[in-house]
Amino acid sequence: MKFLDEAKVYIRSGDGGNGCVAFRREKFIEFGGPSGGNGGRGGDVIVEVADGLNTLIDYRYQQHFKAPKGANGMGSDRHGANGKAIVLKVPLGTQIIDEDRETLIHDFTRVGERLVLAEGGNGGFGNAHFKSSTNRAPRRANPGQPGEERWIWLRLKLIADAGLVGLPNAGKSTFLSKVSAAKPKIADYPFTTLHPQLGVVRVQDREFVLADIPGLIEGAHEGAGLGDRFLGHVERCRVLLHLVDAGCDHAGRAYKIVRGEMEAYAGALAEKVEIVALNKIDAVTAEDLKKQRDRLKRAAKKTPLLVSGVTGEGVQDVLRALVEVIGQAPVSDKAKGADASAAQAMETPVARAKPWSP
């Protein structure tokens with residue numbers, strides 16, 4: 001399935017049905033009085049988090065969603081049927097953003113969470129509603145209220161416990177395939193990974209989700225390479241695993257390039273807990289390995305772990321370090337806010353527009 005993490009869609013809730021002007025007509029009843037029913041309410045547009053989805057690809061082929069309008073009122077005091085709501089299914093971690101691409105409307109963080117994004121219009125009153133002691137035969141009815149319409153952006157930010165970062169061809173996909181059942185594309189050239197990949201990692205009796213994002217290059221925050229758009233997928237992670245290729249020219253400079261891009265990104269990535277590992281140690285000599293390790297240690301100001309995604313050497317040490325940090329690291333403030341808003345949305349019933357009167 002092709003991965004798509006952003007889509008623009010148009011939504012419109014249903015118009016309310018019109019009220020009806022009608023009078024009761026029966027044998028031997030000369031003045032039957034008004035009997036026009038009210039119009040039905042238009043259908044809502046609802047967004048719901050569905051389990052098992054991990055892409056927004058469905059919204060590439062359909063961008064317009066319109067809920068049906070409410071049925072018109074009829075004689076004999078028959079009210080029109082309400083329009084059926086339409087439900088947009090989205091993956092866990094989806095954000096609803098206004099058309100300006102800046103205003104966050106909602107952040108979905110729980111499976112099954114629902115949000116009424118556009119409420120259907122209220123139905124109009126039939127003439128039976130307007131009868132009174134002074135107006136026994138009203139000949140007026142209201143039209144239904146129009147529905148709401150808007151353009152919105154759907155933006156997916158994958159939810160994972162740990163995220164893999166590094167330069168292109170640092171061995172991130174090989175590491176992910178080694179520690180999980182994920183099967184990312186692996187090749188000996190930069191930018192093999194074009195879309196984020198997720199894998200479930202099991203360590204003894206613990207398991208966590210590991211995300212692999214496409215590699216960063218210098219100037220990514222300005223759009224170089226694949227840009228930094230995929231950094232949002234590790235923004236929710238509790239810990240970052242920074243892999244550096246032991247066979248690169250200078251491990252310290254390679255580390256600083258990625259750190260610079262993370263600091264330039266408009267988020268809290270640079271403040272997250274980071275585990276640094278020197279990868280592909282099987283491909284260099286012992287002398288070069290020591291030299292690269294010292295360079296990386298000076299740049300990162302911490303002792304890097306040594307690992308090989310091909311032979312498996314050092315993999316368990318890295319996984320144990322990740323599990324230890326995941327168990328201690330708190331959820332980021334942004335994720336906390338998202339959880340709080342989601343909890344409030346689930347506990348508080350969605351407010352409905354009050355019935356209008358002429």
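Numbers here mean position along the shown chain, with the first residue as 1.
Placed from the backbone N, Cα and C atoms, the Cβ positions cover glycine too.
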Range annotated as region 'Disordered' in Swiss-Prot, from 143-166, 239-262, 335-358: 335-358
Rounded mean pLDDT for the residues that make up the domain 'Obg' (1-159): 91
Which of LYS172, LYS280, all binding-site residues, has a Cβ with the fewest other Cβ atoms inside 10 Å: LYS280
Alpha-carbon spacing, LYS280 (GTP binding site) to SER173 (Mg(2+) binding site), which is rounded to whole Å: 12
Set of same-chain residues at least 6 away whose C-beta sits under 8 angstroms from SER308 (GTP binding site): ASN279, LYS280, ILE281, ASP282, GLY314, VAL315
ASN169 (GTP binding site): tally of other CB atoms within 10 A of its CB: 20
